[in-house]
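These come from Swiss-Prot:
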- 1-33: topological domain 'Intravirion' (TOPO_DOM)
- 34-56: transmembrane segment (TRANSMEM)
- 57-185: topological domain 'Virion surface' (TOPO_DOM)
- 98-185: region 'C-type lectin-like domain' (REGION)
- N125: N-linked glycosylation site (CARBOHYD)
- N135: N-linked glycosylation site (CARBOHYD)
Amino acid sequence: MMTPENDEEQTSVFSATVYGDKIQGKNKRKRVIGLCIRISMVISLLSMITMSAFLIVRLNQCMSANEAAITDAAVAVAAASSTHRKVASSTTQYDHKESCNGLYYQGSCYILHSDYQLFSDAKANCTAESSTLPNKSDVLITWLIDYVEDTWGSDGNPITKTTSDYQDSDVSQEVRKYFCVKTMN
């Protein structure tokens, strides 16, 4: 070992040795902290990937359940538009099926004819189908008005939500879509 010649050198040698130990301790601490940070980053990335995969699986389950519910609702609507009634009498029982290929409301089936016709032709077509053109007073305050608006009414005028004096139409020349209303038994 070296022996210092004066007190100043002795202090510097001693302090350098202590300083070196402190540097090694700080470097060791930095390495440990850096390693801990890296490990925590890897763990958090793995947990994010796991959570993302879990959420994707749950989303797929929810979407398939939603599609199933929509399909069930469509089947229910289709079943509601086709009525199946049993009529019983004192002697026999009848099984009577009727279907409505249109809008069903309070025992009536509203069937849209999208071809544009004169009022007289529309009325004749409905009569041939054992049905009538809709009456404005029957549909005005119901949800049906959104569908039957601007179609022929039974009085020869178009069915509209509003009434005004200038709405008189020329039934001899004007053509419109029309609904035929058939009473379901």
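Cβ coordinates come from backbone N, Cα and C, glycine included.
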Rounded inter-Cα distance in Å - N125 (N-linked glycosylation site), N135 (N-linked glycosylation site):
16
Using DSSP reduced to three states, classify N135 (N-linked glycosylation site) as helix, strand or coil.
coil
Could you put numbers on the helix, strand and coil content of the region 'C-type lectin-like domain' (98-185), residue by residue per DSSP?
21 helix, 26 strand, 41 coil
